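*Asks:* Pasting a structure below so you can have a look.
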Amino acid sequence: MASAASSKHLFVTGGVASSLGKGLTASSLGRLLKSRGLRVTMQKLDPYLNVDPGTMNPFQHGEVFVTDDGAETDLDIGHYERFLDTELSASANVTTGQIYSSVIAKERQGAYLGDTVQVIPHITNEIKARILAMDSEDVDVVITEIGGTVGDIESQPFLEAARQIRHEIGRDNCFFLHISLLPYLAPAGELKTKPTQHSVAALRSIGIQPDAIVCRADRPIPTSLKQKISLMCDVEEGGVVACPDAPSIYDIPKVLHREGLDAFVVRRLGLAFRDVDWTEWNDVLDRVHNPEHEVTIALVGKYVDLPDAYLSVTEALRAGGFAHRTRVNIRWVASDNCTTPEGAQRELDGVHGVLIPGGFGVRGIEGKVGAIRHARENGIPLLGICLGLQCMVIEYARDVAGLRGANSLEFDDKAEHPVVSTMADQTDVVAGERDMGGTMRLGLYPARLRENTLVRELYGGAEEVSERHRHRYEVSNAYRPVLEEAGLVISGVSPDGSLVEYVELPQDKHPFFLGTQAHPELRSRPTRPHPLFVGFIEAALKYSAGTGIADG
């Protein structure tokens, strides 16, 4: 029986194969609805048993995206924030691990009054509660992406919960969007619809009839195939959307709009119909497709074989380029290859900037230090993020301050000079006496910026700024005097002065040598590039033009 719903719900499912771009499609649709004046929020349901991705290998899962409130979430939450230009919270990412943990805890507390606890209704009710918690008088549409592929065992409780929500809030308040692959068979010379038909049949077998289907392919999709899918899957022709690969992820909203998906959704859900305001997004697309300059940035990391491990970093670099109408080419450099001066010279030859991203563990650290040394000695613009800042401190301590045994306790617990140490409230975690998951210094924290520094200039003269963090280690306060005496500028600290947040070199010594303990990439937007990345790309442009070489 239908009930009054303050928000409309749109569920996004995937079929045939994973990695079809459900998150990007959902984000693009969200952007279109927002550009029509609607208030949109988004959520991702992940079917894995981990409570969150915080302890997962980046090679398996990609980056961990941290929200303002300190949640470690799926990388798709980053897409949602960037496309909607909004800040989401922990409620935006729900996992099977969270659901089962909550249900089991309630059972132990006696909350089920002696019931036999089962997947239906207890697990599905918990899932529904998490989805409906996104409802608000301030939200017109909740877009919920259901991770995995239709047919996966792990996804079944989430799909059942979504089916029940449609039943409870009424079909006029709920929309199902299915994203499916049309594979191209070279011997036949055509795209095939049968896998999509089977995928929709699997959805219908569990009680879900999609309202629209987004067809993914590596080439244009003929109208005749769209008509066939409409007939065989019982979906209106206007609800069958062709979405071939686009030149840029930022083109996807235009593709979906040309196919009429946003208008179809608005009509089906009875939402207020307004024209799309393209002003902001057209400016982004103009900067994407009509750059006036070009720079190459070396991203020196441990997980470069899977670019998704650094997704927000690469998007922030590109957005920094948009601010200067500059195409940013990323050179992926495995940090192990920069261990020697010769290796660093070879790998970084011809780049206009070097970025050292975050990470964990000792592998590849000496290569990061080698890349930092090369950039510092050759005046190449350098930006260090989280672990990147810590490696910059290690390199400077060794090669400039004369502390040859300088290291981090994360990599060497017997380091002669532990210039990077374990945070006081993290020692029990490192010792294995407390849970590892969800216990780092996570979320939005403020920092005070020192006057007459590069970082303060980049932030527009602000005395205090807030950025998201994810770390257990910090620059050791015991070594701050010797580092500063050697010329390193500690340009930002926590409000109580106890934690180093930013380090840099004076610009008369190096054009751009800046490290941050935070993760500024997590707050960058294509429509609002982050000031640190804007400044970094500006320095790279100057270096490219031969005007950024330091005198001293």
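Cβ from N, Cα, C; glycine included.
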*Asks:* From K44, K128, K226, K228, grab the residue that Swiss-Prot records in the same CTP site as S18, D152, I153, E154, K192, T193, K194, P195, T196, Q197.
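*Replies:* Matched candidate out of K44, K128, K226, K228, per Swiss-Prot for CTP with S18, D152, I153, E154, K192, T193, K194, P195, T196, Q197: K228.
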*Asks:* Going by the L-glutamine site in Swiss-Prot, where G359, L387, G388, L389, Q390, R472 are listed, which of the candidates E342, E410, E457 is also part of it?
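*Replies:* Swiss-Prot lists G359, L387, G388, L389, Q390, R472 binding L-glutamine, and from E342, E410, E457 it also lists E410.
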*Asks:* Figure out which of D76, D85, D115, D135 sits with S19, L20, G21, K22, G23, L24 in the ATP site per Swiss-Prot.
*Replies:* D76
*Asks:* Among S18, D152, I153, E154, K192, T193, K194, P195, T196, Q197, K228, which the record lists as binding CTP, how far apart in Å are the two most distant Cα atoms?
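*Replies:* If we measure all Cα pairs in S18, D152, I153, E154, K192, T193, K194, P195, T196, Q197, K228, the largest is 30 Å.
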*Asks:* Provide the number of Cβ atoms within 10 Å of the Cβ of E521 (active site), excluding the reference atom itself.
*Replies:* 31
*Asks:* Over the domain 'Glutamine amidotransferase type-1' (296-546), what is the model's average pLDDT?
*Replies:* 92
*Asks:* Who sits close to S18 (CTP binding site): which same-chain residues at least 6 apart have their Cβ under 8 Å from its Cβ?
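*Replies:* Listed in sequence order: G148, T149.
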*Asks:* Select the most exposed residue of K192, K194, K228, where exposure means the fewest other Cβ atoms within 10 Å, treating these as the binding-site residues.
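*Replies:* Sparsest of the binding-site residues K192, K194, K228 by Cβ contacts within 10 Å: K194.
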*Asks:* Would you mind reading off the Cα separation of I153 (CTP binding site) from E521 (active site), to the nearest angstrom?
*Replies:* 35
*Asks:* In sequence order, what residues of the same chain, 6+ apart, have a Cβ less than 8 Å from the Cβ of T196 (CTP binding site)?
*Replies:* G15, V16, S180, L181, L182, I213, C215, I229, C233
